[in-house]
Amino acid sequence: MRLRGKTVASWRILLSVLTLAAAVQAKDEPTIKVTTIKHPPLNLNYFEDSNTVLYQDISERNLYRSEDAGITWDRVKDIPDNQASLLTMHSFDKNRAYVLTQGTEHFKTTDRGKSWQKFSSGAPPNIFMGGDILHFHAGDPDRVIFNGADCIGIFCDLITLYTTDNFKSKAKFLRGNTEGCYWAKSSDLFTTGKDDLDKQRILCVVRDNFSPFKEDNRLLASDNYFQKVDNKVQEFEPDMDTNHGVQGVVSLAVVKKYLMVATSSLNTDEMGLFVTDDTIKWHRAMFPTSHGHKVNQGAYTVLESTNYSIQIDVMNTRPSNPTGVMFTSNSNGTFFTENLEHTNRNTNGHVDFEKITGVQGIFMVNVVQNWEEVEKDTNRGGKHVQKEIVSKITFDDGRTFHDLKSGGDQLHLHSVTDLDNVGRVFSSPAPGLVLAIGNKGKSLGKFGDGDVYVSDDAGVTWKKALDGPHKYEFGDLGSILVAVKDSHKEDIGEIRYSLDHGESWKTAPLPDDLKIKPELLTTTQDSTSLKFLLVGKTGGDNPKFHIIALDFEGLHERTCKEDDFEDWHARLDENGKPSCLMGHKQTYRRRKKTADCFLNQEFKDPVPVTEDCECTDADFECDYNFIRDGDNCKKAGPIIAPDNVCKNARPDDTFKGSSGWRKIPGNTCKRKSGDQKDDPVERKCSEAVNAPAAPADGKIKAVQHVFKTDFKDFEKIYLERGESSTEVDETIIVRPVEYSGNSMRADNQIWRTKDHGKNWERILQDEDVRGIYPHSFFKDVVFFTTDSKKVLYTIDRAEHFHSFEAPTKPGSGNPLSFHPDKKDWLIWVGEKCEKVNGKETCFTEASISRDRGDNWKTAMRYVQKCEFTGHSAYRYRDLRQIVCLAHKEENNEKDNPKVIVSSNDFFDEDKTFHQDRVKNFALMAEFIVVAAEDQEKQGLRALASLDGVSYAEAHFPVNFKVSHQNAYTVLDSSTHAVNLFVATETAEGRRYGSIIKSNSNGTSYVMSAQAVNCNDQYYVDFEKIPGLEGVALINTVANRDKRNEPKKVQTQISHNDGSQWAFLPPPKADVDGKSYSCSSTEGDEKCALHLHHYTERSDKRKTFSAATAVGLMFGNGNVGSSLSSLKEADTFMTTDAGITWKNVKKGAWTWQYGDQGSIVVLVQRASRENPVKTKMISYTTDEGKTWKDFAFTDKEVTVLDISTLRSGASRNFLIWCKDDGGETFSVNVDFTGLADRPCKSDEGSSDYYLWSPKHPSQPDNCLFGHVSQYLRKKDDANCYNDARVQHLYQVENCTCTRADYECDYNYELGTDKQCKLVPGTSPISAEQWCKENPDAVEYYEPTGFRRIPLTTCIGNGHNELDKQSKAHPCAGKEDEFERRRRTSGIAIFFAVVIPFGLAGAIGWWVYRNWNGKIGQIRLGESSSLDNDAPWVKYPVIALSAVVAVAAALPLVASALWRRATSAYESVSGGGGGGGSWLSGRGNRRFTTRDSFARGRGDYAVVDDDEGELLGDDSDEEV
């Protein structure tokens, strides 16, 4: 079973089946009545313990009801026609149900649908949550949570409301920015242990106010409905991970008595599973270390668990032909042990697993017998290795497994992966009775060749019941079995039934010679009824559906008496006597199979009698990290020590730990006196999980490794770890290379280290690797191409390697594109050649794989490139969306222009052409930026798209002319705007240009900076500082009017996202205390600090700062009027984000950040200008106040590079060197000996202090409307950061001031600092503004000011400079305008609690959205334009932020039988198409107006592949 975040009362409550009936009665036969309808009856639900049934007509959006088990049906008249969008049954009250509409008025019943009352939710349903709109309290049926969405156009704010009176009054606002809220008491079995908490505790998955990414979601709890006390929301974050909360919460699910939370993080698809049985004490789910099992997204399934443990199946093979491993937890859901390997799964994550209802400890599972062949399967030739599947059964909850037997033959059964009906696959509440479809033999055959088998002893013995596959059901607690033969044709005209446990069968014809294709067969949830529903289909392509009611009440005249019953024992020994199962004997009273009577006890469930046994060896299993070895349990990993044991101990200290055995969870056996099998034994602390580390000795260690190569450089791929990863390695893959211009030669030696360079080993020695391509988003994954179609890859950090065959040979560029959310989705662009009539034609072809290369589908031919543009953070795009640059016609003719082509379904049916004569496109943050020819103006035009479907042309500032020679470079864009560099001087050696910045949809541009320096390849001296809002550095050309002189370059900084630029203030003296030749307090054009920038870096990834080192920057440069040569440069640093600088080293030193900014290492790197040699590094642990030297080698060497994890989180560094003898080697420098204590952030005794950035010209710390406080480690704290520090500690909003506004479009700043209309222009019109902002409801008459969207300042009307004029509705939005004028509690929440326009901040947006690359993208061709145009006076328009979305990946999918529509489609062969259940269409809206990326200083994760330079390849020829 797969869960979706909510517990359901019974498996049948969420199933879909229907019936309208007309009766035909025959003597000694069941009564059969047929109702014929136009549309499939979906979402059929029985009210528990009744014959009342509901179903939905999805097409007509109506609800139908029957109160006689489907004989007669009536449309529910209390609900208006065409309003019923979603039927939801109350999970804990068998008389209640709800029908949701698309609006805010919905319907409920408390009397099993006899009457329906309207209720108000206060917001429309949140369609992004599928069917999980309502969540019910298990102890009080009146308490209901409603997950809604407040939408305007495509913009949605996700909110949650609640009721404590079953919506008798209007729903109350609970919380905003939610991805789902849940009552803690969400199942009958779960309890917090306190009545008041059970009653009111609510847990919400909450998105970060400043981030749209799921990796920043958090779990927050409240015991008073998130109400405010003293203006502070009463909520707290549970300490899920020992003593702190966990980011990246994507889902929550209640499983029996456990509450599970799944978390995700950047760089990995490994998830963290956290479990609690009281919401107070949490544990991370721990899996055995012996086989390295991990819980990855989309690769694990929470099975139907027990009241005493959780069972999970984890996929461990290729996704296209998967198998899994099954685990069972201990009693608190924390420590999992392995039950069974090689379980059979399908690509949807369904597992062949089912428990026998009502009998503890028995379940059936299918395993793959030829698993070795399946695991080696490479799908060569398009054919997979066929699985040989065999069935197993366990009677001790997975400790041991046995074959199924029919007679003396082995029996194999079709299970969940071959689901043929709704409901459970095998069993029902009928004690001991099991039906299945299967076959005898060595392994499972085809479903169509299977027969029906029956067992009446809970699966111990089986016998054949019917020929061929059937759909089947149980009634009257097993007194009657009903079956209908399966068929893909409309040729079934009878049903079959048995009154003696399947020994004999009778037939009954359908009335009026009706012949159907059976779709499903069902009955009441508890299988106590004698009434059944059969749904069939006729009519071929114009189908009709028949709901057939079957009533067997007249077959037996009498009700069973005591003599008609027998004791049935769940387990018998070899002598036929009751034996112990899970520590007890279990006995049911059930009808004898030969008795000619019915129980007639509708809705009364069977109750077993149990008797506990004394414990034996059979009641124990191997404990966590122990594996069975004969009669013993052998240690296979570290041992769990009790809390607070071994924390400050020495390795040889001891504790009482596991003996290797544990009592099977749920086993009820009575312990004997004396020693027990699971008594703790003496263990050493060195054997424990998190064993004590060696104490810090205060020493730095260096380890050298020599590479036998003639090459002098290395291609280095650091595999970053995700926060949710259980790995602790620091893996690097390197190979020696040599760069020459834009080309690279590689030595075919590939090395791997798992410990950051202390030890190295060769990998892939027998393979001829051509290219190495790390996955852009999942850092555990790396691909290796060859000169053939063979592609090698690893998904576990180079631990194991696999291969697939690509559809074409790789071309000259990067052949792979990756999806940001789906690890296994790939696009391959390669070269294909066809020979026709002796002439060979070659072209590039794009192919798509959704299973990591096992299967490929051709997407397009004659393409230049394709990219996945779907992203979970952008719900306005389909997750499957792909955008390609391709030739308009499928040929290589010169006059064949390129176009943009998009698809939202992998090019299956949707294939849309956009624009013409396109030069290139680039992805940057949420934008798709396109450069196309403008034939009319003989130049280039820029276009942008947010949704990948609509491409709007860019409008440049007044008089901004773009000629055919202009070159566009898309710069790092991280504030919901395109930063576009346009070259204005194109003479070689003199190139520079302007940076213009777009509005929120990428279409309207204004000036940000002019005369910005670029090199001859149009790379630009522009860099945003990661981790902080609004800080950027540029280099400008000061002497642009003197074309015959070399460039005079100056450095400038912006602290407000490019609205203003200033020089860097020079330090007063150098590191030796000597004054500089000039001085300036703030920096000016005559005296300032100037830094060597992006265009001069041999490695473009060497940035001034790292996001984890908040506020710290280093640079090489000089003090003076302009930038001097690198040979004359010294090294400078700042600790306050560039407001003040100091000289720390003479000469140009290169730097790396470690331990999240707590360690900075400098070394003198050799360059052509300065071929220096050294043997020393210099480091600081106190933000540069003091520096210490360390000799990493005995003699001076040439340092080629220094590297570490790009996130700056490691305490290890690698120095790459070459000695005088030409030998190339690396030196690992390990700083872990400096500290052995993890830093604490406890209030009162914290190792951190709070630091706030500021603007140098503003008196307070308000920047962009708020004061941000960041955590930084104290200088004297002798500790290390053991987890990712949440640097952004808190944000407090300020009152709006003039600094929060800028001049509106077509306005310029006057001498009086007021915004005045540019002569000859007009203010933007209402029509134009509403057209450019299609989701806006209202328009304000222009005041000349507009709010800087980065600001979060709080306005009150009087201080809002952009709203001191009259508001008007946009055309067609008058009603919404009026509605929004009426302020509600929810409106106040959005206006105050979540400030308008929380803007994106600089740092990590680009790293997370632009394929993990850093750098710049060039579009189009080079050009020139007038540099004296009047637009240079325009202030920049900081952008209106565009919406992005946090994606809530489900923890696990719903139980196969719990999804109404999908269940019906799975058995009917339906599906496809798709669209929202609410809208009936596929147009999805997205969230939110208020969620934007904010730099928090903890996401400086940069790929090792450089930002691509995407130029015009002059109509490439292949």
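Even glycines carry a Cβ here, placed using N, Cα and C.
On a predicted model such as this, the values are computed, not experimentally measured, just so you know.
What Swiss-Prot annotates here:
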- 1-26: signal peptide (SIGNAL)
- 27-1385: topological domain 'Lumenal' (TOPO_DOM)
- 64-74: repeat 'BNR 1' (REPEAT)
- 107-118: repeat 'BNR 2' (REPEAT)
- 453-464: repeat 'BNR 3' (REPEAT)
- 496-506: repeat 'BNR 4' (REPEAT)
- 672-681: compositional bias 'Basic and acidic residues' (COMPBIAS)
- 751-761: repeat 'BNR 5' (REPEAT)
- 848-857: repeat 'BNR 6' (REPEAT)
- 1132-1142: repeat 'BNR 7' (REPEAT)
- 1179-1188: repeat 'BNR 8' (REPEAT)
- 1386-1406: transmembrane segment (TRANSMEM)
- 1407-1435: topological domain 'Cytoplasmic' (TOPO_DOM)
- 1436-1456: transmembrane segment (TRANSMEM)
- 1457-1518: topological domain 'Lumenal' (TOPO_DOM)
Let me spell it out: take the repeat 'BNR 2' (107-118), skip the flanking residues so only those 6+ beyond its ends count, and list any with a Cβ under 8 Å from a Cβ in it.
47, 50, 52, 54, 65, 67, 76, 78-79, 83-84, 93-99, 101, 166-167
Secondary structure tally of the repeat 'BNR 2' (107-118) (DSSP, helix then strand then coil):
0 helix, 5 strand, 7 coil
Contact set, same chain, for the repeat 'BNR 5' (751-761): CB under 8 Å, 6 or more residues outside the stretch:
703, 705, 707, 729-735, 797-798, 1204, 1210, 1212, 1214, 1226-1228, 1230
How do the residues of the repeat 'BNR 6' (848-857) split into helix, strand and coil according to DSSP?
0 helix, 3 strand, 7 coil
What are the DSSP helix, strand and coil residue counts for the repeat 'BNR 1' (64-74)?
0 helix, 4 strand, 7 coil
